[in-house]
């Protein structure tokens, strides 16, 4: 049976994933070469080599999660282990974490830097999918089904806010909202959850105030990001510098682009050109058509994930697929919004394309889970008659 399941893989989905990952790797090399030479004095492939290792690790985890039956993640023992593990990592970050970009969000283990936020997103998706599936019979019960998972989510969000990474917190809350909307909870209960959310955010802000972390919410860096977003051209050499140079990169590229590796803005003009603003470099070097290809591949992956959720007849798999798809979709929207000036700059990277080892590895792991759900869906569709016969024989 298991061999039959493995034969039901979606080759179109995997091909799209491979092309997008390869394009991301190439663009990381192109966008980061000047920064690598300036910072580290190497040949220019410092970030490329690290991203390549992350992709290799991601492919390994993709292969592992693609063959592990996804229903195993629904077991209480696994959920407790995952929640305990991610809580430990988030606490360790606050105590021993590495600070970069005004946030203490990384754990350094020798040559490896881990960002627990990426794993936290996936753990929350799996946890909420399992909780809302296991408690379907009394899913609208405030005390038994709603308050416990919401408290756990807000506790994890509080640990992330302490780093501080408010962009990560907002992203998690958006993912949670999507899962709640699709979980079968009544409108009345959703209203209660929304009220609990407002109260939770209020409590979080009070605790941040008491602990002296409230200043990070209104830090000069965050204020400058917002003022730069509102009026970028009024202070082109200050708050609006990054956004104005992003516009220049996008405008310079035109339809065809300047050519791979020929971009100018990455040469010290556009900060974070290989991370948050890599799409601006893609626009400059590969032009409109390059941007269209990347967005098309991302759109295909998100839509494919939502279709997997739609076809899944089992709520746990469906909710996980929704959570993973929404996670990618929101990140794409927020990143593009920042690059084009539609949204303030939040530090959210472009999935599969931007530099970031933890992000790429966990995204590939998530794609393995999505692939596994898809394979089981296809297997059940193809062998529906055989499965019915087996169930009848077992009942006899």
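Backbone N, Cα and C atoms are what each Cβ position is placed from, and that goes for glycine too.
Predicted, not measured: the structure shown is a model, and the values here were computed from it.
If you look up TrEMBL, you'll see 12-41 (among others) marked as transmembrane segment.
Per TrEMBL, transmembrane segment is recorded for 53-71 (among others).
Taken from TrEMBL, the feature transmembrane segment applies to 78-100 (among others). Distant neighbours of the transmembrane segment (78-100): 72, 106-108, 113-114, 116, 119-120, 123, 126-127, 130, 152, 155-156, 159-160, 162-163; these residues of the same chain sit at least 6 beyond its ends, with a Cβ under 8 Å from one of its Cβ atoms.
Under the heading transmembrane segment, TrEMBL lists 112-133 (among others). If you look at the transmembrane segment (112-133), the same-chain residues 6 or more away from its ends with a CB under 8 A from one of its CBs are 73-74, 79, 82-83, 85-86, 89-90, 93, 98, 105-106, 139, 145, 148-149, 152-153, 156, 160, 165, 168, 171-172, 175-176, 179-180, 183-185, 315-316, 319-320, 323-324, 327, 356-359, 361-363, 365-366, 369.
As annotated by TrEMBL, transmembrane segment applies to 145-162 (among others).
Per TrEMBL, transmembrane segment is recorded for 168-186 (among others).
Annotation source TrEMBL lists transmembrane segment at 193-214 (among others). For the transmembrane segment (193-214), the residues of the chain that approach it from at least six positions outside its boundaries are 146-147, 150, 154, 157-158, 161-162, 164, 173, 180, 185, judged by C-beta separation under 8 angstroms.
According to TrEMBL, the feature transmembrane segment maps to 286-306 (among others).
Feature annotation from TrEMBL assigns transmembrane segment to 318-346 (among others).
Listed by sequence, the residues of this chain that lie at least six past the ends of the transmembrane segment (352-373) yet keep a Cβ under 8 A from its Cβ atoms are 9-10, 13-14, 17, 20-21, 23-24, 27-28, 31-32, 47, 50-51, 53-55, 57-59, 61-70, 73, 112-119, 121-122, 274-276, 278-279, 282, 294, 298, 301, 305, 308, 312, 317, 320-321, 324-325, 327-328, 335. The transmembrane segment feature in TrEMBL is assigned to 352-373 (among others).
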Sort out the residues at least 6 away from either end of the transmembrane segment (318-346), same chain, that have Cβ-Cβ distances under 8 Å to it, and list them.
70, 73, 121-122, 124-126, 128-129, 132-133, 166-167, 170-171, 174-175, 178-179, 182-183, 225-226, 228-229, 232, 242-243, 246-247, 250, 276-277, 279-280, 295, 298, 301-302, 305-306, 308-310, 312, 354, 363, 366-367, 369-370, 373
